[in-house]
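Worksheet: one structure, shown below.
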Amino acid sequence: MPSTQKPMRYGHTEGHTDVCFDDTGSCIVTCGSDGDVRIWGNLDDDDPKSINVGEKAYSCALKNGRLVTAVSNNAVQVHTFPEGAPDGILTRFTMNANHVIFNCDGTKIAAGSSDFMIKVVEVSDSSKQKTDAPVLSLSFDPRDVYLASSSCDGSVRVWKIADQTCTTSWPLLLKCNDVINAKSICRLGWQPGSGKLLAIPVDKVVKLYRRETWDGQFDLSDTFITQPLNVVAWSPCGQYLAAGAVDGSIVVWNVETRECTERMKHEKNYSVCGLAWHPKYSQIAYTDTEGNLGLLEDIGDGKKPNDKVASTVTKDYNDLFDGDDDDYLNGDMIEPQSSPKAGASEDDADDLKPTSGHLRRAIIDDDDNSVDIGLIKASSNLLEKEDDDDDQTGGFPAVPAASTQQPFYDGPMPTPRQKPFQSGSTPAHLMHRFMVWNSVGIIRCYNDEQDNAIDVEFHDTSVHHATHLQNSLNHAMADLSAEAILLACESTDELASKLHCIHFSSWDANKEWTVDMPKDEDIEAICLGQGWAACATSALLVRVFTVGGVQKEIFSLPGPVVSMAGHREQLMVIYHRGTGFDGDQCLAVQLMELGKKKKQVLHGDPLSLTRKSYLTWVGFSAEGTPCYVDSEGIVRMLNRGLGNTWIPVCNTREHCKGKADHYWVVGVHERPQQLRCIPCKGARFPPTLPRPAVAILSFKLPYCQVATEKGQMEEQYWRSVVFHNHLDYLSKNGYEFDENAQSQAVKEQQELLMKLFALSCKLEREFRCVELADLMTQHVVNLAIKYASRSRRLNLAQRLSEMAVEKANELATASEDEEEEEDFRKHLNAGWHKVAVSVRAPALACRADQEMEDAEETDACEEVEETPEVHKQRPNPFSKSVTSAEVTTPKSVVITSSSQGRMNPFKVSSNKKDPLVPSANVLDSMSKYSKKISLSGSRAVNKQNPPVIKPLIPKPKSKQALAASFFQPWTPNPSEKTVEEREEKAGNESHQVKVTAQNAENRRPKTGFQMWLEENRANILSDNPDLNEAEVIKEGMGRFRVLSSEERMVWTEKAKGGSANDSADEKKRKRPTADEDEAKQNQEQKSEDSNLSKKPKPSDQSPNVRLAAFAFKQS
């Protein structure tokens, strides 16, 4: 099973570095060529204690509270540990000492120097052994009988300490003249406990010699090792041997089986010059010749699943992981890089062996009543083996037999689950911490001997003044909005978990409320929105409250919560959807809207995280777009324009100078594009004092080749698109938004597209030009056509012209749909009973259904009068050839004025262009669509001036004029004339169709929907007998829309064939609404006739009377 290699961190300046653990393993001690000894609580300790011992420190050893260092003034000196107070000089050499070591009980120190001298120093006495060369390294026999040394003359010697004689010597190493030139520093080691074996790194193998006989037992080697080995280190149990090479390789062998159990490569291939095993856990701290410190965890052969101990750490981000996840995790797991590592005595790791005869008790899941079964089994072996001879490892038990018989699992290992956290907070164990820092303000918590209090500060003091609160309930979570402060505490033996809200924006006198959670239910995450507060609990529930304290919705979460965030009506919840493997978290996100229309936007979709990372911040941009940040510094934002997917918008690690530096996010802004965060030097989070300074980072989407002009502009374009999606969201949800910002964004995007277009033109990539033009607006496509024409790329210009036609057509269709929706809404709001007809006509005693007759009857009447030629020339509305160039303006009709204004405001019919008309520049006709605005103006005019029936004035037309305009003008009243004049000024281009002012109801034949409704009305009424006429039509529309396109086509064809013969009664039954226009868009294109003008109709005339009125046209 592979071990976990933590990222290395900077420890000392460049040069030789040494490392050791203290007696309990609660801290790592390193020394380096900067002359400092640093005491690290763990690998993520951002503020290690530093003791300066001299100009350079070559070696350090630690035992019984005494820290011994070999320094550059040729002395071996002692400091107290961990205070770091100088405690005298043990010995001096004439040159610098290269290695110092303690014996097992800490009574003796051995030091070897470049002046060919080894000194063994006791508190009371000192003795010396002379060597023939500078001493590279030393190792004490655990029994204090022998001392082994290696020297630059290539020899490895074993000295008897008592009589200071050399017992044996092996010429194993390459010779050199000084330590600095040695290929390997040959850090050798005796097997702990019995001292039965002496391990010596020789070139690419480790040679093991047996005690007393001094014959070579065996060699340990591996194909992974390609360079000479530098150091060896035994595990405290004596079963494993680790070796580090000059190329950064680290290997671990099981000495009993001689198998290589771990292979690891230094991330930068620097030479490993220091190795130290944790005294209790399966961790190895290592240092390199560049001053870096690293850590390997979970060392072992993977056959001891019961040896895993859970974390009881109280430092740093231990809160990120549940203790109960740790007891079954045994390897290749990731903790947050800020979680405790190396050796803090509380760290979790495999316990390879107890280091003394009595059993170490394991604490699992922070529960004093639970004990590690593997260690209980080991205790029985321990008692049996304590009396064994030297062949056992000196009273140190071997691996428990029971655990080696367990089945061996070599698959991916589960990742401990990340614990819940509040975004913008620092770890809960700190005495002074941020409970939240967001775009509204800052909440700090002080918990020391003098005071347990909470300070609230607002960025904008006009929201509220700063507040000081007593924290008698030990609130651990907080959130802050412009309306309220929300606090929560965990339950205790006596008290339930509480949610406490200070609603400072309330207009009444009682501004605080508290809610107790049910028994055994703890609040794990909280958040505030606009008018509401929410909390997620350990019972996998989310509870929603109003900001005044009314309990609202409750819903269940599929997994334990990780974090929550709120903004206006939006609530985002991140939770565990399962167990991750190989260091990955397995999270999901729910996004809900808690406004009047409650809906779920994201239904527990998987949350994308960088490999082997965890979530560090989740929230909303100031404009309301969900965002989150992972531990690798990647900021992701919801892209509403691409089906609610997540897009990475910034990598904060790119802005960090050092590996241990991070940015702590406090806010995201889309306008202007700013990521507000606090730089943390050598840490993941800032201290409360001094007050951190906020830095502003820019966003950058991870597009390819952003160094090139093309890549840069592509990134800018899509970033602009993503960061302006929120404007569409705000407009759809009825929020106020800056329309200038939207037009500015479109302008910026189109400019970038035009630049890309010009670049592609220069590179002769015409296909790419067309692809870019597809992203442009219609107006910018015109510019692109001009650019292509001037660049003499006629083929490209032609293709772009075709595209411009299509775009214009799409634009027309879109505007129709919008107006149709708008009209339908007006229709529903107005209600049928409010419709009043104001046309003065004979026999106006009309029934309610006659009052509501509109354009459909007129159209049906007109269809009868159409000439056969017109029928022949009518285009097929489904034909692809109907393009925007052929779109014409609505017919001019005088209509009845009413409170509803029953007019058809979106009639746009298509007709074939006259083939005789020369094909003018297609762009000339594009400005017609800008006239949509004037149509609504004419509508307003019509509402206020009841029209008068006037005779039609026949007007002859040329063929060309016939193709240009569908309708003959009639003499309008003065108010209508003014609108017409305005429109004629706007559209004076040669081949443009003129929009007449009276955009009134268009006469149409019966549509397929109407015929379908007449046949199916009985069915609808039988299903819903209580429906009134308006509701029948609405229900009918819903049913008609779900028909297949073929069925609808059949009805449309029927309508075409039978519209002229419709009886008056059938027409009387109609209740035309704006909704029907949607169902009849295709039909109305067929029924237009350019030779017919419309005349006003009183709504109570019969079809025959109307036909008689129009009969003069037949002549």
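Counting starts with 1 at the first residue shown.
Placement of Cβ uses the backbone N, Cα and C atoms for every residue, glycine included.
Marked as DNA-binding region by TrEMBL: 1002-1070.
Under the heading compositional bias 'Polar residues', TrEMBL lists 876-885.
The annotation compositional bias 'Basic and acidic residues' is assigned in TrEMBL to 977-992 (among others).
Residues or ranges marked as compositional bias 'Basic and acidic residues' by TrEMBL: 1079-1092 (among others).
Annotated domain 'HMG box' per TrEMBL: 1002-1070, in sequence order.
TrEMBL lists 324-355 (among others) with the feature region 'Disordered'.
Taken from TrEMBL, the feature region 'Disordered' covers 382-425 (among others).
According to TrEMBL, the region 'Disordered' annotation covers 865-885 (among others).
According to TrEMBL, the feature region 'Disordered' maps to 937-1005 (among others).
What TrEMBL records for 1052-1115 (among others) is region 'Disordered'.
Residues annotated as repeat 'WD' in TrEMBL: 9-40 (among others). For the repeat 'WD' (9-40), the number of residues in each DSSP class (helix H, G, I; strand E, B; coil) is 0 helix, 16 strand, 16 coil.
Listed as Cβ neighbours of the repeat 'WD' (128-169) (distance under 8 Å, sequence separation of 6 or more from its ends, same chain) are residues 95, 98-105, 108, 110-120, 175-179, 181-182, 185-195, 198, 200, 211, 214, 394. Residues or ranges marked as repeat 'WD' by TrEMBL: 128-169 (among others).
Here the repeat 'WD' (232-263) has a mean pLDDT of 89 out of 100. As annotated by TrEMBL, repeat 'WD' applies to 232-263 (among others).
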For the repeat 'WD' (128-169), residues assigned helix / strand / coil by DSSP: 0 helix, 26 strand, 16 coil
Number of helical, extended and coil residues in the repeat 'WD' (232-263), per DSSP: 0 helix, 20 strand, 12 coil
